[in-house]
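Student: Sharing the features that TrEMBL gives for it:
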type     : residues  : note
DOMAIN   : A:106-322 : domain 'ABC transmembrane type-1'
TRANSMEM : A:6-29    : transmembrane segment
TRANSMEM : A:50-69   : transmembrane segment
TRANSMEM : A:110-131 : transmembrane segment
TRANSMEM : A:143-162 : transmembrane segment
TRANSMEM : A:199-221 : transmembrane segment
TRANSMEM : A:251-281 : transmembrane segment
TRANSMEM : A:301-323 : transmembrane segment
Amino acid sequence: MEQLSYAAGTIVTGVFGCVAWFWGSNLILDWIWPSRGAHAGTNILRANMVRPWLFIGPAILFLAVYLVYPVFDSIWRSLHDAGGRAWVGLDNYRWLAGDAKFRESILNNLLWLLVVPAAATFFGLLAAQVTDRIRWGNIAKSFIFMPMAISFVGAGVIWKFVYDYRGEGQEQIGLLNAIWTAFGHPPETWLTIPFGNNFFLMAVLIWIQTGFAMVILSAALRGIPEETIEAAILDGANPWQLFFRIKVPQIWGTIAVVWTTITITVLKIFDIVFVMTNGQWGTQVLANLMYDWMFRGAPDYGRGSAIALVIMALVTPIMVWNIRNARREMMG
Amino acid sequence: MADLSLTGISKAYGDVDILKDINLEIRAGELIVFVGPSGCGKSTLLRMIAGLERISGGDLVIDGQRVNDMPPAQRGIAMVFQSYALYPHMTVRQNMEFALKIAKKSREEIDKAVENAARILQLTPYLDRLPKVLSGGQRQRVAIGRAIVRDPKVYLFDEPLSNLDAALRVATRIEIAQLKEAMPDRTMIYVTHDQVEAMTLASRIVVLADKGIAQVGSPLELYERPENEFVAQFIGSPQMNLLAGEVVTAGPQTTVKLVDGGTAVSHVPTTAADIGLRVNIGVRPEDLVLSTGAGLFTGTVEIVEALGEVTLLYFGEEMGAPHMIAKLPGIHADLRRQRVTLTADPAKVHLFAGGRSLLYR
């Protein structure tokens with residue numbers, strides 16, 4: 001109860017604070033340079049120079065405090081020891097290069113990177129194309145999109161049940177083992193099977209991201225001029241050729257945006273691994289490794305920050321490319 | 001070389017009829033133009049011939065073979081779209097060779113066909129460019145080239161000039177006419193709402209209206225001997241004047257006493273039984289001349305539009321449309337507010353009863 005009222009209070013304060021800021025600051029601005037009287041013209045011009053800053057000011061401030069400052073702080077910490085006191089130069093990075101768990105994480109991240117965006121985009125494209133053709137396509141679309149509404153942690157918990165293991169002879173409550181044993185196999189502890197378990201984790205993210213890819217690609221497919229498709233039909237293209245040689249090439253830009261957007265999500269992947277295996281049995285990934293060093297046991301801020309910066313270095317170029325691409329798409 | 005035969009063709013979406021009982025024979029080598037007001041179904045009819053729309057009823061026969069259920073690509077047709085419909089991700093060459101590649105033609109054959117089409121359409125310098133860098137006219141030529149390389153039996157054009165500006169439209173129209181000239185044995189079907197295109201290109205025009213064919217004939221047939229009031233008013237600009245009246249004397253020449261008070265004489269023959277028949281006389285603005293004596297119409301000129309080569313005179317207005325328009329050669333700017341009498345050569349006066357021409361009964 002106390003927590004509820006606390007949360008409600010925060011929301012009210014936040015909303016009221018925003019309104020008060022935008023309304024109040026503009027009021028003060030208009031009081032300093034009123035749009036009346038002898039200097040109305042110059043006053044309006046002056047006020048209009050300042051006004052945009054009133055609106056984007058808070059955003060810039062919060063971005064600086066919660067994004068820019070942490071980046072510099074992380075750089076600083078990554079060059080210091082565990083407690084953040086003694087300067088150690090590049091020692092943390094040298095340690096990273098030799099660490100087996102870090103190498104495992106990099107390899108796993110690479111694997112995620114290769115599989116998840118490709119699979120999610122492919123299934124999304126497939127779903128978009130198929131659901132466009134059928135009468136109950138919109139219902140199918142809603143179902144495919146639904147996992148997008150589930151948090152990664154929630155999805156991790158749900159899929160942990162899917163992969164759940166009960167000893168032989170017991171009733172299997174895990175969907176996968178239930179099917180597996182129905183075919184006469186002994187039950188498996190899926191999440192501990194080396195290497196293969198990575199793919200069981202990836203399935204969760206693919207399940208979530210397919211809906212996202214489908215929605216965006218479906219809109220792109222509908223944007224293709226109908227005449228080009230009709231022209232291709234007259235040219236004798238079969239449905240397969242129509243899809244791969246006429247439709248897909250026309251939405252390459254959108255496919256690239258979807259692909260890179262999912263890629264960024266994948267590079268930062270943390271929750272699913274954290275909830276389901278916590279990086280054990282060869283499933284460690286960078287973000288979870290960083291969390292381990294940063295906050296678990298005896299925290300090592302130096303090493304944790306070094307890993308964080310590696311993740312940032314990997315994400316940034318893809319992000320830049322993605323934003324550029326998305327802009328180009330928007331301009332047509 | 002292909003004859004097309006449309007027998008009882010109809011199209012319906014659910015309970016809504018778009019086209020009903022279309023019967024048309026098209027001979028090989030003809031250039032047929034479908035014209036009609038917006039929504040008359042002319043594009044739908046073309047798309048049914050192409051195979052892009054299902055035929056709800058009737059038979060479509062190309063070269064003696066019923067093709068109702070044949071896939072579009074096997075009908076031996078090629079279509080040029082209003083929006084060009086070029087594949088934006090392919091170069092001009094790739095656009096033109098796509099159909100041949102799908103048909104698994106040999107490389108030499110493809111290159112020969114593409115280069116030939118490019119030469120005819122003067123597209124050779126642009127073969128390796130993408131459509132987006134081409135002008136509207138060039139894009140339309142690529143679209144035509146895409147049809148030519150397939151060497152179809154029947155060319156279908158769906159308002160191919162509508163997206164071009166006025167000057168380019170004339171140039172491309174002439175190019176299409178020359179293209180037809182160069183391929184005398186190919187059948188072409190051309191849809192437009194522009195009657196100038198229809199009059200200049202067509203060997204025969206099909207006027208579509210009210211879900212069916214209003215008249216089929218050569219451009220001058222439609223102009224000189226329209227079968228009904230719709231065709232009479234659709235062909236020609238400004239449109240034909242219609243004036244209500246009653247037949248007073250019949251015979252090889254017919255005299256009509258008009259409601260407005262004038263008297264019109266027509267070479268359309270009538271019989272004694274027609275005396276007293278309520279008719280509309282139709283007379284084109286360009287067939288009216290000023291008269292010093294009696295005439296078929298007397299009125300005050302409300303508006304004068306002097307265009308130099310001709311002058312348009314507008315008489316009396318009813319429901320926003322002028323009651324009568326006359327088109328006189330030369331400049332007559334001084335006629336504004338003047339009361340004038342108009343008459344016409346009896347050979348140029350049409351008679352309609354119940355919307356149908358008395359010539360065709």
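Here the Cβ of each residue, glycine as well, is placed from N, Cα and C on the backbone.
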Student: When you look at the transmembrane segment (A:301-323) alongside the transmembrane segment (A:110-131), do they share 3+ Cβ pairs under 8 Å, ignoring any pair fewer than 6 residues apart in sequence?
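Tutor: Contact between the transmembrane segment (A:110-131) and the transmembrane segment (A:301-323): absent.
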Student: Should the transmembrane segment (A:143-162) and the transmembrane segment (A:50-69) be scored as in contact, given a threshold of at least 3 Cβ pairs under 8 Å and pairs 6 or more apart?
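Tutor: They do not touch: fewer than three Cβ pairs between the two stretches lie under 8 Å.
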Student: State the non-local partners of the transmembrane segment (A:199-221) in its own chain: residues 6+ outside its ends, Cβ under 8 Å from one of its Cβ atoms.
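Tutor: Non-local partners: 111-112, 115-117, 119-121, 123-125, 127-129, 131-132, 141, 144-148, 150, 152, 155-156, 159, 163, 190-191, 193, 247, 251, 254-255, 257-258, 261-262, 265-266, 269, 272-273, 276-277, 283.
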Student: Going along the chain, which residues at least six beyond the ends of the transmembrane segment (A:50-69) come within the CB cut-off of under 8 Å?
Tutor: 18, 21-22, 25-26, 29
